[in-house]
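For reference, the structure discussed in these notes is given below.
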Amino acid sequence: MKKTVLALMFSCGMVASAFAHNHAVEHKHTGEMLEVKVELLDPAKGNQEIGKVVITESAYGLVFTPELKNLTAGLHGFHIHQNPSCDAKEKDGKLVAGLAAGGHWDPKNAGKHGYPWSDDAHLGDLPALAVNQDGTANNPVLAPRLKHLDDVKGRSLMIHEGGDNHDDHPAPLGGGGPRMACGVIK
């Protein structure tokens, strides 16, 4: 009898878990959203599409849900940049990937890098993007100071090679490293 009850409880738990998972996936992107096509930046060989990031509004701020592949595992700096371009641009005689995106979006002229919830930092500062060991990224990121989709339209979404310490020290702009992937927010 105990085995039957345990088996029944296990089966019910599995069904409930599957239902909850499917229910969450079905309602993940309800309502208004922005889909941002993201490309791995390579000015020499041409950019390669690696997926998308879906941006939605929530009661807690904008949610950035990545559906990306072919990235290096680990944490990456993740920001909204000023200009709606992912093009390479020349700087000091060298072609720099994604430089046409400009700097971090800073409409309040804070003039410094910081945490996504800091009132005295760029509005474009997002939480770091976590990339799984298999090179995929699918964990949502919440930007609590950004409330409306219209606020980010006409900008670009940038992924940097390294992590982000959310400070200008010891390295400027969180020490995130070169621009690795980008998408224009339309």
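Note that Cβ sites are derived from N, Cα and C of the backbone, with glycine treated the same way.
For the Cu cation site that Swiss-Prot gives as His79, His81, His160, the extra residue drawn from His104, His148 is His104. For the pair Cys86 (disulfide bond) and His160 (Cu cation binding site), the Cα-Cα distance reads 13 Å. His79 (Cu cation binding site) and Cys182 (disulfide bond) are 10 Å apart (CA-CA, integer value). One residue stands out among the binding-site residues His79, His160 for having the most other Cβ atoms within 10 Å of its Cβ: His79.
Using Asp125 (Zn(2+) binding site) as the reference Cα, a 10 A cut-off selects His81, His104 from the binding-site residues His81, His104, His160.
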